[in-house]
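One structure is given here, and the rest of the page talks about it.
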Amino acid sequence: MADLEKMIEEFTKLRDQISYHDVLYHQKSKPEIADAEYDKLKQKLVEMEGQLPGACVTQDGVGAAPDEKFSKIKHREPMLSLENAYDEQGVERFLSRIKRFLIEEEIEVFCEPKIDGLSFSAVYEDGRFVKAATRGDGFIGEDVTRNVATIKGFPRFLQDVQDRLEVRGEIYINNSDFLKLNKDNEFANPRNAAAGSLKQLDVSITANRPLKYFAYSLIGGKEKSQSEVLNRLESLGFCVNEHRSLTNNLSGMLEFYNKVYNCRYSLDYDIDGIVYKVNDLILQSRLGSTHKAPRSALAYKFSAVYAKTKLNKIFIQVGRTGVLTPVADLIPVNIGGVLVSRANLHNQDEIKRKDVREGDIVTIKRAGDVIPQIVRVDKGSRHADAPGFVFPEICPECGGKVQAEGAAIRCSEELTCKAQIIGKLSHFVSKGAFDIFGLGEKQIKFFYDLGLIKQIPDIFNLEERLNEFSLKEQPDWGERSIANLLNAIQNRRVITLDRFIFSLGIRFIGQVAAELLANYYVSYNNWYNSMIKLLSNDAEVGVGGVEKKIAKSFSDELVGIDGIGEKVAESLKSFFSKEHNIKMLKDLTDYLQILSVNSNSSNSVLNNKVIVFTGKLLTMSRGEAKVRAKALGAKVSSNLSAKIDYLVAGEKPGNKYKKAVELGVGILNEDQWYRMINSEVSE
């Protein structure tokens with residue numbers, strides 16, 4: 001359990017780190033790390049998701065909130081990111097997964113280079129170019145219509161096009177043009193130059209920059225495949241990439257990768273991998289998407305690089321759950337265009353296993369890690385008297401007792417450790433939670449040290465507290481900045497249930513689990529009262545077997561929710577068992593309006609129905625069946641009880657079928673299920 005908690009702590013840090021770089025990258029065009037390093041951060045997130053229980057993982061965003069300087073445009077269809085793979089096994093898993101999902105033995109795959117540029121969306125109405133937007137956070141982007149219109153060769157009018165057509169692609173700058181543009185070293189690389197050039201309030205600056213683009217997607221057309229989409233885009237006058245291929249097997253996918261990989265330096269633009277897409281658009285639609293990426297596409301990123309440097313010092317970070325994480329401070333070294341100065345050492349056992357010591361010469365690998373990894377220690381260059389690293393016996397932040405939990409070392413002072421309190425407060429206001437603009441970790445520390453924000457409810461009482469404190473006398477604070485912050489807090493007094501649950505920072509509950517809980521319980525009162533009711537059962541029991549039976553009832557209800565596991569159930573029970581958490585919830589509800597879940601499928605006969613699947617389905621995989629059910633507003637459970645509305649029974653349904661008959665649960669065979677969901681679509 002301790003190892004899992006440690007991983008979730010690291011996962012949370014990574015999410016916050018990515019959010020920080022999202023703002024620098026998407027809003028300010030002033031990244032502190034190169035694109036390749038950012039991709040590696042995202043890759044680590046994917047790797048950790050694979051190691052964590054599904055309900056624990058956090059759904060990270062696909063960009064950053066739109067820059068306040070620009071008007072906003074809401075995307076009709078989200079501009080999602082892509083799942084990444086870094087080896088052939090990852091590509092093979094992708095192909096196997098989509099075949100299994102679709103129950104198809106052979107699937108045609110479209111292959112194309114992944115352009116290292118800035119994503120855009122352009123909308124045409126009756127052939128006339130009317131607006132363009134950046135990706136933004138994937139749902140809302142910046143309005144860059146006038147800027148895109150200045151790009152040489154970008155179509156302003158499309159012949160013989162009616163109704164609405166949306167074109168998506170990537171804006172970039174050629175390497176040769178970048179060298180001419182960047183004589184004063186204003187930009188780190190061509191991608192940053194493209195982003196900075198496009199997002200100019202003065203469009204004359206954009207017009208004078210050598211921006212180019214490739215189009216790769218079309219929404220609103222009648223094409224049936226990705227290859228047809230590219231051909232149509234080309235016929236309409238858009239620039240499309242010449243390097244593309246169709247294949248129906250793994251060897252063909254890898255052959256295209258190797259071909260492009262070997263010629264990539266002869267191209268006059270940067271690419272950072274290959275994109276694979278299911279060619280058939282109907283199959284793409286069936287596959288659907290997760291919160292952050294389409295299931296029908298994969299980016300196979302180029303491989304890792306290595307470098308040697310010196311490890312200066314090992315220091316300890318304390319996270320919001322109290323885990324002590326060792327981090328290596330390195331002499332900065334350039335690895336494939338990325339300046340690396342830190343490496344994650346994970347835990348005490350990792351340091352002992354690798355025998356890492358301060359002053360060592362180490363080999364760093366950069367390949368999708370949260371912070372690049374130390375893969376080798378040059379012990380031959382080590383001083384004979386170099387001491388081994390000694391893990392602290394007390395918390396370096398608060399001086400409290402630490403205790404070993406598996407490989408993790410944890411500070412036990414949850415309520416008094418400053419690092420943990422700051423971590424929880426910072427998580428509460430972070431992206432994905434309350435997302436309060438202008439109130440990040442730096443400001444949280446500032447207000448904490450002043451005694452103005454000591455616990456979460458204090459955030460919403462800050463204005464009243466400032467009546468007795470002259471904040472404008474503090475450095476960097478004036479009337480305008482104070483007003484902006486208070487307005488930002490005021491604007492976050494209404495929040496959806498899933499974001500509220502996530503904001504609480506309950507161990508093992510990321511955005512995925514929070515959304516599952518919100519969809520199941522629908523309203524805050526129902527969720528809160530259900531948790532309290534389940535806990536009250538424990539208070540009424542005696543000891544021994546009876547206690548175990550009642551305790552299991554708490555787990556039974558939660559584990560029955562599709563995607564929720566035992567760890568989440570245990571964590572919720574622990575959270576609601578603590579009086580200070582109950583008080584915090586009551587205080588927060590005095591300040592907040594927590595919105596109930598509003599289904600987009602309110603007219604569906606499956607809306608808010610609870611469904612259990614059993615047996616083998618022939619017309620679709622179990623995974624696709626669950627996706628289709630949830631899309632129509634249903635809740636999917638794995639446990640059968642009298643509360644279940646329908647049992648969908650495939651071949652060889654087993655004991656669940658008999659139990660459903662006994663309980664009087666409605667039973668649908670596969671044909672009835674198939675007709676039900678398809679009648680919903682046709683309507």
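From the backbone N, Cα and C atoms, a Cβ is placed for every residue, glycine too.
Database features (Swiss-Prot):
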type: ACT_SITE; residues: K114; note: active site, N6-AMP-lysine intermediate
type: BINDING; residues: D35, A36, E37, Y38, D39, S81, L82, E112, R135, E170, K277, K301; note: NAD(+) binding site
type: BINDING; residues: C395, C398, C411, C417; note: Zn(2+) binding site
type: DOMAIN; residues: 601-683; note: domain 'BRCT'
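Overlay of Swiss-Prot feature records on the structure.
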| residue | record | DSSP class |
| --- | --- | --- |
| L82 | NAD(+) binding site | coil |
| K114 | active site, N6-AMP-lysine intermediate | strand |
| R135 | NAD(+) binding site | coil |
| K277 | NAD(+) binding site | strand |
| C395 | Zn(2+) binding site | coil |
| C411 | Zn(2+) binding site | strand |
| C417 | Zn(2+) binding site | coil |
Any idea what the Cα distance is from C417 (Zn(2+) binding site) over to L82 (NAD(+) binding site), rounded to a whole Å? 38
Spatial separation of L82 (NAD(+) binding site) from C398 (Zn(2+) binding site) - C-alpha basis, Å: 41
What is the three-state DSSP composition of the domain 'BRCT' (601-683), stated as helix, strand and coil residue counts? 32 helix, 18 strand, 33 coil
Among K114, R135, K277, these being the recorded positions, pick the one whose CA is nearest to that of C411 (Zn(2+) binding site). R135
What is the total of other Cβ atoms whose distance to the Cβ of C398 (Zn(2+) binding site) is within 10 Å? 17
Near the Cβ of C411 (Zn(2+) binding site), how many other Cβ atoms are there if near means within 10 Å? 26
Nonlocal neighbours by CB distance (under 8 Å) for L82 (NAD(+) binding site), same chain, sequence gap 6 or more: K114, V275, A293, P294, A297, L298, A299
Compute the C-alpha separation of C395 (Zn(2+) binding site) from K277 (NAD(+) binding site), stating it in Å without decimals. 49
Using all protein chains in view, find how many other C-beta atoms are within 10 Å of the C-beta of C395 (Zn(2+) binding site). 24
Is it possible to get the count of other C-beta atoms within 10 angstroms of the C-beta of R135 (NAD(+) binding site)? 24
Additional residues around Zn(2+), ordered along the sequence, whose Cβ is within 8 Å of the centroid of C395, C398, C411, C417: V318, G322, I394, P396, E397, G399, G400, V402, S412, E413, T416, K418, A419, Q420
Around the C-beta of K114 (active site, N6-AMP-lysine intermediate), how many further C-beta atoms are within 10 angstroms, looking at every protein chain? 23
